[in-house]
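Engineer: Residues or ranges marked as NAD(+) binding site in TrEMBL: Ala3, Leu4, His5, Phe6, Gly7, Ala8, Gly9, Asn10, Ile11, Gly12, Arg13, Gly14. Taken from TrEMBL, the feature domain 'Mannitol dehydrogenase N-terminal' applies to 1-197. Annotation comment: TrEMBL describes 204-381 as domain 'Mannitol dehydrogenase C-terminal'.
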Amino acid sequence: MKALHFGAGNIGRGFIGKLLADAGIELVFADVNQVVLDALNARHAYPVHVVGEQAKVETVTGVSAVNSTSDAIVTLIAEVDLVTTAVGPQILERIAGSVAQGLAKRSDNGNTRPLNIIACENMVRGTSQLKQHVMKALPDAYHAWVDAHVGFVDSAVDRIVPPSDAGSHDPLEVTVETFSEWIVDQTQFKGDRPDIPGMELTDNLMAFVERKLFTLNTGHAITAYLGQRAGHATIRDAILDPRIRTVVQGAMQESGAVLIQRYGFEADKHAAYIQKILTRFENPYLKDDVERVGRQPLRKLSAGDRLIKPLQGTLEYNLPHENLVQGIAAAMHYRSEADPQALELATLIAQKGPQAALAEIAGLAADSEVVASVVSAYDAMA
Ligand SMILES: NC(=O)C1=CN([C@@H]2O[C@H](COP(=O)(O)OP(=O)(O)OC[C@H]3O[C@@H](n4cnc5c(N)ncnc54)[C@H](O)[C@@H]3O)[C@@H](O)[C@H]2O)C=CC1
Ligand SMILES: O=P(O)(O)OC[C@H]1O[C@](O)(CO)[C@@H](O)[C@@H]1O
């Protein structure tokens, strides 16, 4: 079996690519970072530091790489059995054109072996969104063929992989936590489902996507935003601050109450899930900067993402949300000179004021009670 994985970054090398290579799948990474591409093609292997109580270094072998903007992509898509991505939600649209060309070539070549495509991004049904971009880029004449032979499989992906230690000079080295969870929608595959140890199948993906995104990612983002306000550099330092921990735990519980209502999770199991996540944030073996976890605040404050969607859920079920409100207010204060979205956020707030800016970014009614609560928390934090 042969796979093409877009994005040889932290999750690509440290999680998805590793699982594929460990399963004996011939793996080609596609990326735009020439240093990483050259190193992968020179060594065909890289080290993964799995850190925890019992640290170990595992070597991923038998991998190669191509430039994601080269024609090689089209040829590969015409022949591989599996395509995965971990490039970031905003990049999916950019790779869709070459995926479409590859699918057209596959069809022209008469290759009717099933192909499955799985986007592994922090977003709800990211593969379905990739499919929309691909279909837009693909001539109509190929649509029926793609529907018959290509599975677009949504997934939820959970492993904390910050950039490797700044002390390392190896561009391929990656450091990962012990925990990992990759859950895919078994109903969307074409042909036989691949047997990849570490890839779990479900017929109830939305529950798992929302459980992960609106618990871990909700709590993580709020830890980052409150952490920056309090002057903490890392997620560990922030979550060990008792005032921050109280709000983060409260926000995960508020979001959890929505998930329990919506999906029927058992309350005690969900409480244990939250506690486990808090210990993952505390991981003493990972150095995870608040800027990494807080990156791209406009995306994180958008309507379907980890802060606003749980808040909307509390409104839908008439549930408490004071800690989510604190987290959203802190997100509006997030600043980073290196992050274009943080700069845009600051400009929007300066130009329109916090009420109109939040309404626009989050898709909330400017005159709603909940926007007034966030603005009042935002002002109190200023
Ligand atoms: N790092 C983590 O702990 C986790 C990340 N994720 C998700 O995985 C995705 C990737 O995140 P990271 O690995 O942390 O980011 P990263 O920045 O480490 O990796 C992204 C990679 O994509 C590459 N890339 C950019 N444009 C490209 C293009 N046009 N074609 C091919 N490659 C391109 C970059 O050069 C980089 O190597 C994101 O959606 C993130 O939300 C999900 C769970 C955990
Ligand atoms: O990758 P994003 O969506 O910017 O958000 C960072 C988040 O992703 C993760 O890297 C993995 O889920 C978390 O550590 C963090 O909550």
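Here the Cβ of each residue, glycine as well, is placed from N, Cα and C on the backbone.
Remember, TrEMBL labels are computer predictions, not curated facts.
Remember, predicted model here, so these are calculated numbers, not experimental data.
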Engineer: By a simple count, how many Cβ atoms lie within 10 Å of the Cβ of His5 (NAD(+) binding site), its own Cβ left out?
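Structural biologist: Its Cβ has 29 other Cβ atoms within 10 Å.
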Engineer: Check the binding-site residues Ala3, His5, Arg13 for any whose Cβ is under 6 angstroms from an atom of ligand 1, and report them in sequence order.
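Structural biologist: Qualifying residues: none.
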Engineer: Please determine which of the binding-site residues listed here (Gly7, Gly9) has the lowest count of neighbouring CB atoms within 10 Å.
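Structural biologist: Fewest other Cβ atoms within 10 Å, among the binding-site residues Gly7, Gly9, is found for Gly9.
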Engineer: In three-state terms from DSSP, label Gly9 (NAD(+) binding site) for me.
Structural biologist: coil
Engineer: Count the Cβ atoms, other than its own, that fall within 10 Å of the Cβ of Arg13 (NAD(+) binding site), considering every protein chain shown.
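Structural biologist: Excluding its own Cβ, Arg13 (NAD(+) binding site) sees 30 Cβ atoms within 10 Å.
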